[in-house]
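Working notes, beginning with the structure itself.
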Amino acid sequence: MSTRSVSSSSYRRMFGGPGTASRPSSSRSYVTTSTRTYSLGSALRPSTSRSLYASSPGGVYATRSSAVRLRSSVPGVRLLQDSVDFSLADAINTEFKNTRTNEKVELQELNDRFANYIDKVRFLEQQNKILLAELEQLKGQGKSRLGDLYEEEMRELRRQVDQLTNDKARVEVERDNLAEDIMRLREKLQEEMLQREEAENTLQSFRQDVDNASLARLDLERKVESLQEEIAFLKKLHEEEIQELQAQIQEQHVQIDVDVSKPDLTAALRDVRQQYESVAAKNLQEAEEWYKSKFADLSEAANRNNDALRQAKQESTEYRRQVQSLTCEVDALKGTNESLERQMREMEENFAVEAANYQDTIGRLQDEIQDMKEEMARHLREYQDLLNVKMALDIEIATYRKLLEGEESRISLPLPNFSSLNLRETNLDSLPLVDTHSKRTLLIKTVETRDGQVINETSQHHDDLE
């Protein structure tokens with residue numbers, strides 16, 4: 001049985017996602033061609049020829065074409081040699097030429113697009129090289145500059161930390177000294193307060209003695225007044241007695257003049273008067289001496305008590321002044337202590353704020369370094385992706401070159417002349433059933449390239465029936 005199939009193919013480019021990593025040394029591409037042929041025993045149905053090209057995972061290209069074959073819609077038709085229509089062959093030849101022309105135009109467009117894409121890739125490679133050079137330069141400069149800045153910042157921070165530590169130690173020593181002074185002053189204040197209480201107790205006892213002395217003096221003054229009144233009364237009584245005695249003496253003197261023989265009473269009265277005067281003078285002298293002695297004693301006791309009171313007042317005033325001065329000194333020391341504690345807290349807060357700022361600066365510098373590292377890694381990944389795309393494009397260009405060469409060689413083959421067909425009269429229904437199965441041919445083509453050059457190419461054919 002003779003069978004003939006007419007097939008045509010056209011290539012279309014279908015771009016997938018971005019190219020992934022491929023091996024820079026070599027890559028393999030597979031071309032699978034599936035051809036279906038049908039025997040003339042069945043209806044002359046359309047035949048489909050598919051060609052699938054798979055390269056690196058960066059892209060998938062598939063070409064499909066279909067050509068209309070001779071078809072018989074009536075199963076019982078008999079083909080006769082005299083009724084062959086050669087216009088159908090001319091139509092097929094015309095369609096075949098148009099298909100080949102369209103394929104050439106499509107291949108030319110694909111070549112132009114590939115050329116533009118290659119130019120773009122080269123431009124991107126140049127830009128990538130420039131960016132890599134700038135990145136290396138910035139990396140070298142930035143690393144040294146950041147390292148110097150980091151070291152300088154660290155030295156400054158260490159110096160400030162040491163200074164703050166020394167200031168803190170000095171302030172703590174001053175605080176301890178002030179605390180000791182305050183404790184000593186508090187002890188001294190307690191002692192002074194005890195002495196003040198003792199002085200007040202002594203002063204209270206002295207006041208009681210002074211009160212007792214005042215009462216005794218008042219009592220003595222009353223006694224002196226009573227004695228003075230008694231002395232005045234005695235003087236008055238004595239004067240009256242003297243007057244009476246003088247009157248009696250006058251009477252006796254008169255009587256003496258009359259009667260000379262009477263006894264002399266003047267001498268007796270004189271003696272009595274002298275006796276009374278001596279007794280009165282003695283009593284008066286004794287009273288005056290007793291009064292003077294008592295008054296001297298009371299005056300001495302009063303002076304002594306006044307001296308003790310004045311001394312107690314002076315001591316109390318001195319103690320009060322010392323207490324006030326110590327209180328002022330304690331208040332001043334408290335203010336100084338509070339000021340030093342406030343300064344210490346402010347220094348600690350400033351130190352904490354500066355330490356936090358320096359930590360933020362260090363963290364920011366580390367983040368910048370990490371960002372630069374990530375950016376450098378991203379540039380490297382982009383460069384690697386561009387290299388992978390370049391390798392994939394080199395593989396695709398080599399594969400298209402092979403396909404174009406094969407297509408040109410296939411196009412250059414002479415077409416069969418349908419006018420020379422000599423068909424016998426055959427009954428289509430009498431064909432065996434085995435011929436109704438379709439024959440499938442699987443072509444596996446392996447192309448290995450390196451740096452855009454094809455170094456190995458193999459093909460395998462597998463036939464199976466459907």
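The backbone N, Cα and C atoms fix where each Cβ goes, glycine too.
Quick look at what Swiss-Prot annotates:
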COILED    96-131  coiled coil
COILED    154-245  coiled coil
COILED    303-407  coiled coil
CROSSLNK  Lys104  SUMO2 cross-link
CROSSLNK  Lys120  SUMO2 cross-link
CROSSLNK  Lys129  SUMO2 cross-link
CROSSLNK  Lys139  SUMO2 cross-link
CROSSLNK  Lys223  SUMO2 cross-link
CROSSLNK  Lys262  SUMO2 cross-link
CROSSLNK  Lys294  SUMO2 cross-link
CROSSLNK  Lys313  SUMO2 cross-link
CROSSLNK  Lys373  SUMO2 cross-link
CROSSLNK  Lys439  SUMO2 cross-link
CROSSLNK  Lys445  SUMO1 cross-link
CROSSLNK  Lys445  SUMO2 cross-link
MOD_RES   Ser2  N-acetylserine
MOD_RES   Ser7  phosphoserine
MOD_RES   Ser9  phosphoserine
MOD_RES   Ser10  phosphoserine
MOD_RES   Ser26  phosphoserine
MOD_RES   Tyr53  phosphotyrosine
MOD_RES   Ser72  phosphoserine
MOD_RES   Ser73  phosphoserine
MOD_RES   Ser214  phosphoserine
MOD_RES   Lys373  N6-acetyllysine
MOD_RES   Ser412  phosphoserine
MOD_RES   Ser459  phosphoserine
REGION    1-32  region 'Disordered'
REGION    96-131  region 'Coil 1A'
REGION    269-407  region 'Coil 2'
MOTIF     326-329  motif '[IL]-x-C-x-x-[DE] motif'
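In sequence order, no residues are near Lys373 (SUMO2 cross-link), counting only same-chain partners six or more apart with C-beta under 8 A. Between the recorded sites Lys104, Lys120, Lys104 has the most other Cβ atoms inside 10 Å of its own Cβ, all protein chains included.
Put plainly, the recorded sites Lys294, Lys313 were compared by Cβ crowding within 10 Å, and the winner is Lys294. Long-range contacts of the motif '[IL]-x-C-x-x-[DE] motif' (326-329) within the same chain: residues 185, 188-189, 192, each at least 6 residues beyond the stretch ends and with a Cβ under 8 Å from a Cβ of the stretch.
When the alpha carbons of Ser214 (phosphoserine) and Lys294 (SUMO2 cross-link) are compared, the span between them is 13 angstrom.
The Cβ neighbour count for Ser214 (phosphoserine), using a 10 Å radius and every protein chain shown, is 13.
Of all the recorded sites in the list Lys104, Lys139, Lys294, Lys313, the shortest Cα-Cα distance to Lys223 (SUMO2 cross-link) is found for Lys294. Taking a C-beta cut-off of under 8 Å and a sequence gap of six or more, Lys139 (SUMO2 cross-link) has these contacts in its own chain: Met372, Met376.
Ranked by Cα separation from Lys313 (SUMO2 cross-link), the recorded sites Lys104, Lys120, Lys129, Lys294 are led by Lys294. Distance from the CA of Lys129 (SUMO2 cross-link) to the CA of Lys120 (SUMO2 cross-link) is 14 Å. Cα separation, Lys104 (SUMO2 cross-link) to Lys129 (SUMO2 cross-link), rounded: 37 Å.
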